[in-house]
Amino acid sequence: MSQTRGRYDFCIGLVLAMSSSIFIGGSFILKKKGLLRLARKGSMRAGQGGHAYLKEWLWWAGLLSMGAGEVANFAAYAFAPATLVTPLGALSVLVSAILSSFFLNEKLNLHGKIGCLLSILGSTVMVIHAPQEEEVETLDEMSHKLGDPGFVVFATLVVIVSLILICVVGPRHGQTNILVYITICSVIGALSVSCVKGLGIAIKELFAGKPVLTHPLSWILLLSLTVCVSTQINYLNRALDIFNTSIVTPIYYVIFTTSVLTCSAILFKEWQHMAADDIIGTFSGFLTIIVGIFLLHAFKDVNFTLANLPLSLRKDDRAANGTLLSTYDSFNDDEESSACLGEMQSTESLSARRNGSLSAF
């Protein structure tokens with residue numbers, strides 16, 4: 001019965017996590033469509049300090065979609081392991097990229113399509129090999145978990161490292177080193193996910209009619225979550241303001257997800273009873289998602305399609321076979337180059353004469 005219940009909760013958490021990615025990914029498209037409509041009407045844009053978007057229903061639809069996605073993501077942590085829910089957050093990037101190509105006419109190049117495919121495959125592998133966490137159904141059990149010596153040491157190290165980065169390293173190197181602010185967001189994010197997990201359990205108990213509001217752990221978790229999320233938003237915005245978004249997003253995803261996986265393994269003992277093939281499958285799926293996200297972001301401005309492949313392959317084949325240009329080919333190339341150079345010089349000379357420049361003579 002317990003195993004059946006666990007599988008049922010796992011499926012609910014999986015559906016909620018995937019729904020969250022769809023809602024959040026779609027919210028970016030709705031907001032962008034609303035802002036583009038305002039731009040066509042001639043309204044002052046948000047980037048220029050305008051607030052006309054508050055009157056645009058598409059923008060509000062995007063905001064509501066974002067809120068629904070965050071609620072679904074919050075609820076997913078109450079049913080499924082954080083090791084599963086957190087990596088699936090990458091699907092929101094894929095949903096946004098795919099919908100952008102359909103509704104915003106933004107081209108998704110070959111690298112982006114391969115990245116989407118790899119991320120989907122990696123997510124599928126992670127779902128198949130996802131670990132089963134130890135069942136924690138009450139706040140008392142959660143309190144016992146949080147008091148475990150291993151987690152206390154981990155949380156203490158996270159707080160110490162975060163304070164050093166915020167107070168010492170950040171003011172000196174935060175403007176030049178991309179890893180400083182992103183590391184602050186990521187390691188604190190591991191604690192915020194633990195708080196979300198605990199609050200999810202509290203909400204489940206609240207609906208069951210238990211006196212959750214009188215339990216001190218509920219308020220401690222809520223206060224800790226507020227502090228952690230505020231710090232994350234602050235330093236993530238700093239990183240996005242200083243560095244390129246296409247670089248910040250994949251790095252943040254990798255470090256944040258790694259921190260959450262480590263925290264969940266320590267707090268909920270998710271890896272304790274896993275078989276070797278499941279461990280390898282989980283890491284393989286995670287690495288595949290990382291590669292997919294990297295391809296999607298790092299090469300999004302590169303204009304490369306399948307039509308470019310034949311020319312590239314021909315060049316590579318010529319280089320690989322070590323074929324040397326014949327004397328005749330070299331002569332023709334030199335002759336063509338000389339002709340092109342002469343034509344360019346003639347054009348420049350004619351242009352200079354038209355402009356009345358004496359240097360042409």
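Including glycine, each Cβ sits where the backbone N, Cα and C put it.
Positions annotated as transmembrane segment by TrEMBL: 12-30 (among others). Distant neighbours of the transmembrane segment (12-30): 58-59, 61-63, 65-66, 68-70, 72-73, 75-81, 84-85, 88-96, 99-100, 103-104, 127; these residues of the same chain sit at least 6 beyond its ends, with a Cβ under 8 Å from one of its Cβ atoms.
Residues annotated as transmembrane segment in TrEMBL: 57-79 (among others).
The transmembrane segment feature in TrEMBL is assigned to 85-104 (among others).
Marked as transmembrane segment by TrEMBL: 111-130 (among others).
Look at TrEMBL and you will find 150-171 (among others) tagged as transmembrane segment.
According to TrEMBL, the transmembrane segment annotation covers 178-203 (among others). Residues of the same chain lying 6 or more positions beyond the ends of the transmembrane segment (178-203) and with a Cβ under 8 Å from any Cβ of it are 74-75, 77-79, 82, 86, 136-139, 142, 146, 155, 158, 161-162, 165-166, 169-170, 212, 215, 217-218, 221-222, 224-225, 228-229, 231-232, 235-236, 238-239, 242-243, 247-248, 251-252, 255-256, 258-260, 262-264, 267-268.
Annotation comment: TrEMBL describes 215-235 (among others) as transmembrane segment.
Among the features that TrEMBL reports, transmembrane segment is placed at 247-267 (among others). Within its own chain, the transmembrane segment (247-267) is flanked in space by residues 81-83, 86-87, 89-90, 93, 133, 145-146, 148, 150-151, 154, 178-179, 182-183, 185-187, 189-191, 193-194, 236, 239-240, 286, 290, 293-294, 297-298, which lie at least six positions past its ends and keep a Cβ under 8 Å from the stretch.
Annotation source TrEMBL lists transmembrane segment at 279-299 (among others).
Beyond its flanks by at least six residues, the transmembrane segment (150-171) meets 180-181, 183-184, 187-188, 190-191, 231, 235, 262-263, 266-267 of its own chain at Cβ-Cβ distances under 8 Å.
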